[in-house]
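Chemist: Got these off Swiss-Prot a minute ago, pasting:
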- CYS304, CYS307, CYS350, GLU357: [4Fe-4S] cluster binding site (BINDING)
Amino acid sequence: MSPTADFDPKPRRASVAVDVGGVIVGGGAPVVVQSMTNTDTADIDSTVAQVAALHRAGSELVRITVDRDESAAAVPKIRERLLRLGMDVPLIGDFHYVGHKLLADHPDCAAALAKYRINPGNVGFKDKKDKQFAEIIEMAIRYDKPVRVGVNWGSLDQDLLTALMDENARAGSPLSARQVTREAIVQSALLSAALAEEIGLPRNRIILSAKVSQVQDLIAVNSMLAERSNHALHLGLTEAGMGTKGIVASSAAMGFVLQHGIGDTIRVSLTPEPNGDRTREVQVAQEILQVMGFRQFIPVVAACPGCGRTTSTVFQELAQNIQNDIRKNMPVWREKYPGVEALNVAVMGCIVNGPGESKHADIGISLPGTGETPAAPVFIDGKKALTLRGPNIAADFEALVVDYIEKRFGQRTAAE
């Protein structure tokens, strides 16, 4: 039998650390969660509100679109408003086509942003491409800002792709078009990074990303980048889609890559429902990292799926209530109860796995299943502490969870 260590996550790939407005990406630092607004950046009120919501949800970096003069002019005002709210969240400027001009024409914007995102596929075309790319890099050097060279297969450098396709056609054993496209994505990122360094931007100011919309392609291009460079890597499945499909696709793709030690910051690109909550993408990113054991953001609530033994909905409602209460209270608890994000709660529906799972949790309850005695044993720190009975079992257990948090994690604050 193979040692169990063989199945543990691979050691994190060694990468160069990049400081993004005080948040370290790469260099062995915890994998950073980031997100992006979908507001018109020129609408300062809406953008500030959404950045604040994303940051409160746990986004450590927030990207905003900078697509025209009005957007660029709004950036320093957005930054100032956020600071007045007590939110020193690094803002990343997302530039396409005219980034070189916007940064030059709006120096306050260039200074206010914590990082610039450049797309090699549309930074410029033909003879203007390298010149306009260089202008952005020179601005990054002037303002001491990092950049992300963000390649996306939807806007891939067509000159590079054509050259590689022509070269492949002449090969004795040509690759598939999909394989050549992957190679073009990787080369675009690496060639752009090399050019940035040649211009004078140090490696500890460069992050790379290769965005695709298919799971296997994301695994391939990021594995290739990891083999060929030590740049910090940003992971994300672009156009992942809506709802369950987007969550599953992003989780499958990034989970595999992260398990192999690759990735320094992640963004889950979910298409929100009309008027939906943008913070959902932050929650999913956190949950990917937490369920894989890489970071802890929020207490875990383990709950059984239910079966014929659990015809009552009490355990489902209780699990949902506790999860909702945790999310609602975490902004306060995170400050008031250091370490609370490591808490494990179990809400189980019958005697089969209920007691065992509850013992594994910090605090757990095994509710009675169909035909079982109407009593619910509660386990605290692996031992049976008491048994709840009567019509208020759910409310009583919720109170016990809060009491446990106050006693266990509140003591840390007092001791400090």
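Each residue, glycine too, has its Cβ placed from N, Cα and C.
Describe the structural context of these features.
Modeler: Long-range C-beta contacts of CYS350 ([4Fe-4S] cluster binding site), restricted to its own chain and to partners at least six residues apart, with a cutoff below 8 Å, comprise CYS304, CYS307, ARG309, THR310, SER366, LEU367, PRO368, GLY369, THR370, GLU372.
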Chemist: I need the neighbours of the [4Fe-4S] cluster site defined by CYS304, CYS307, CYS350, GLU357. Which other residues of that chain put their C-beta within 8 angstroms of the C-beta centroid, in sequence order?
Modeler: PRO305, GLY306, ARG309, THR310, PHE315, MET348, GLY349, VAL352, ASN353, GLY354, GLY369
Chemist: Given the binding-site residues CYS304, CYS307, which one has the fewest other C-beta atoms within 10 angstroms of its C-beta?
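Modeler: Counting other Cβ atoms within 10 Å of each of the binding-site residues CYS304, CYS307, the minimum falls on CYS307.
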Chemist: Around GLU357 ([4Fe-4S] cluster binding site), how many other C-beta atoms are within 10 angstroms of its C-beta?
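Modeler: Excluding its own Cβ, the number within 10 Å is 19.
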